[in-house]
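As annotated in TrEMBL:
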- 1-24: region 'Disordered' (REGION)
- 75-267: domain 'Malic enzyme N-terminal' (DOMAIN)
- Tyr98: active site, proton donor (ACT_SITE)
- Arg163, Asn420, Asn466: (S)-malate binding site (BINDING)
- Lys181: active site, proton acceptor (ACT_SITE)
- Glu252, Asp253, Asp276: divalent metal cation binding site (BINDING)
- 277-535: domain 'Malic enzyme NAD-binding' (DOMAIN)
Amino acid sequence: MTVTDNVQNQPQQLSRSPYLNQGTSTSSELRASLHLQGLSPAKVESLETQKKRALVQLRSKSTNLEKYVFLAWLRNTNVHLFYSLIGDQLEETLPLIYTPTVGTACQNYSSIYPFLAPPGQPDGLFLSINDLPNLKQIIQNYKPYPQDSGITPQIAVITDGSRILGLGDLGIDGMGIPVGKLQLYVAGAGIDPRRTIPITIDVGTNNEDKLNDEFYLGLKQKRVSDDKFFPFVDAVLETLTTVYPKMLIQFEDFSSEHAFQLLEKYQDRKFCFNDDIQGTGAVILAGFMNAIHVAGIPAKQHKILFYGSGSAAVGIAKQLVSYFVNDHGLSEDDAREMVWLVDSKGLVTLDRGDKLAEHKVYFARKDNHGTQFHDIAAVIEHVQPTVLLGLSSQSGAFSESVLRSMAKLNDRPIVFPLSNPASQAECTFEQAMVHTEGKVIFASGTAFPKYTDPKTGLISSPGQGNNMYIFPGLGLGGILAQPDHISDRLIYSAARACANALTPEERSQGLLYPVLPRIRQVSAEVAAAVVAESVAEGTARNKEAIAIVEKNNGEALLDFVSSNMWTTESADKDVTRLAAHL
Ligand SMILES: NC(=O)C1=CN([C@@H]2O[C@H](COP(=O)(O)OP(=O)(O)OC[C@H]3O[C@@H](n4cnc5c(N)ncnc54)[C@H](OP(=O)(O)O)[C@@H]3O)[C@@H](O)[C@H]2O)C=CC1
Ligand SMILES: CC(=O)C(=O)O
Ligand SMILES: [Mg+2]
């Protein structure tokens, strides 16, 4: 049955599709053809009026969590209006659908879940370990837009909820993260919302609060052991890629040890990447490339201290090593020597006496001559870093004295408190500005407000070093090039494109990342670089993309990418096309 048959057989179904429904802006003609008269007030409004009303309603909510619920409901009832509003009001709405509010939403997800979407409208795909025998059927059940049955999903973001932002194990309440990431794919890179699947696997939770919460909607059991976890993930991925063979899979917010093991296992076997390891690595490499120009110290002379040694920190460190090797001619050993890791026990050294997690061993220091450094002040004194990156989820760890030490050591200290959401950040932008007397070169994981110098009135803008500047473009580029795997080269090309995406004006303002309203342009440039690199490394399989890259015309490639981006106007056209068949 075609989409058109479907609609002709049940005309009112059109208005029930969140994708095709245009609410109060549905034309009189369409209302007549679909037998919708009387089902809403007769007035036909413009999209502009709809957006204006939605914005007034949004702003009338007193908490960000209420705003999150309001926006989720809007997305699940009127895709067109939702993404038009998000596109217009990116700076106001992104912190509501993504970090920081998505963190609060996840903490409360089971309580708000029934109010996010109308009955029958799924807000993500939940796969419990008890579903193992029926995975295929359950994956096929997920049809948020059944009226548009010809559209095949292309991107899945999958979590097990075990490390949601810096908030720890939230079990299935982590669903807000895949949902939020995929909204950024749509808003930030023009992926058709019908082609996205947010997935949360339920393998239990070790969070006692969740286990004791009567409203918690996940399995009330501790997380399963690895001998059950890995086969279940395997079954999910196999089934998913059997049902949707071209699906790109983004691993998100798995606890670090599992994250590394899953990436190692699947990166050459599936079309996939890990956002926390690779996406974060790429976005911070991009910010670092721009920051060292501002700092004015040659790349090779930097000393980079990571506060936190999990998936994000080690993912970044590995990409920095590639950068020093590829772009600055350092040996791998010399590049590795530029990195120091700190974890909850202090400086990561080979002779510390504990068994280091596998992902830390490569960067463990052996030049500490038997001395161990347990607190950050001692580590800073020992290392004398030019760069301090926070990936520890320890709020306030970059104290006044830490920031003052960084400013004493450096004319322009590079300090990135990257933990999310804002409540977990190692310091705020204001603290960094005040305690370094304005010298800091700054980026944070969640956006902080601008800072106004009380003496001069000078306003400074913080950078947002968040993987949202990478994964949407990387995913789009991957879908357009169609390689079998996402190679390290593709990730590296995404980082470089992100660094180069700054306009001369942004550069002259000392910004490290492009301003948020340009995220679609940035994603297009990242995607174009990924497509070009995939052709260069010989993995691209999309003949159209290969032919365009071979013309060696950057503008044509960007046009190709942009023309493949979904817009709310494309949704308009889908409605008009259907209406023409009625
Ligand atoms: N800006 C962005 O785009 C991104 C930000 N992030 C953020 O980065 C943070 C870390 O993520 P991830 O690496 O996956 O998480 P992990 O939980 O794996 O890593 C946290 C690390 O912090 C260390 N740590 C904990 N307490 C302390 C302490 N008191 N002093 C020093 N180190 C400490 C832990 O040590 P130990 O190993 O000993 O337990 C661990 O190495 C999160 O807040 C996440 O939201 C993540 C991805 C992207
Ligand atoms: C941004 C992100 O992916 C994280 O904090 O986990
Ligand atoms: Mg993440």
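The backbone N, Cα and C atoms fix where each Cβ goes, glycine too.
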When you measure from each Cβ to the nearest atom of ligand 1, which of the recorded positions Tyr98, Lys181, Asp253, Asn420, Asn466 fall under 6 angstroms?
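List returned for ligand 1: Asn420, Asn466.
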Rounded to the nearest Å, what's the C-alpha distance separating Arg163 ((S)-malate binding site) and Asp276 (divalent metal cation binding site)? Just drop the number here, would you?
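So the alpha carbons of Arg163 ((S)-malate binding site) and Asp276 (divalent metal cation binding site) sit roughly 10 Å from each other.
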Quick one: which of the binding-site residues (Arg163, Glu252, Asp253, Asp276, Asn466) have their CB closer than 6 Å to ligand 3?
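Among Arg163, Glu252, Asp253, Asp276, Asn466, near ligand 3: Glu252, Asp253, Asp276.
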If I restrict to non-local contacts, at least six residues apart, and a C-beta distance under 8 angstroms, what lies near Asp276 (divalent metal cation binding site) in its own chain?
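Listed in sequence order: Phe251, Glu252, Asp253, Phe254, Ala259, Ser311, Ala312, Gly315, Asn467.
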Taking only the Cα atoms, work out how far Asn420 ((S)-malate binding site) lies from Lys181 (active site, proton acceptor), in Å, as a whole number.
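Per the Cα atoms, Asn420 ((S)-malate binding site) and Lys181 (active site, proton acceptor) stand 14 Å apart.
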Calculate the distance in Å between the alpha carbons (Cα) of Asn466 ((S)-malate binding site) and the residue listed as 'active site, proton donor', and round it to a whole number.
11
Between the residue listed as 'active site, proton donor' and the residue listed as 'active site, proton acceptor', how far is it from one CA atom to the other, in Å?
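So the alpha carbons of the residue listed as 'active site, proton donor' and the residue listed as 'active site, proton acceptor' sit roughly 7 Å from each other.
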Check each residue in the chain of the residue listed as 'active site, proton acceptor' that is at least six apart in sequence and keep those whose C-beta is under 8 Å from its C-beta; list them in sequence order.
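Same-chain residues close to the residue listed as 'active site, proton acceptor' (Cβ under 8 Å, separated by 6 or more) are Tyr98, Val157, Pro198, Gln250, Glu252, Asp275, Phe471.
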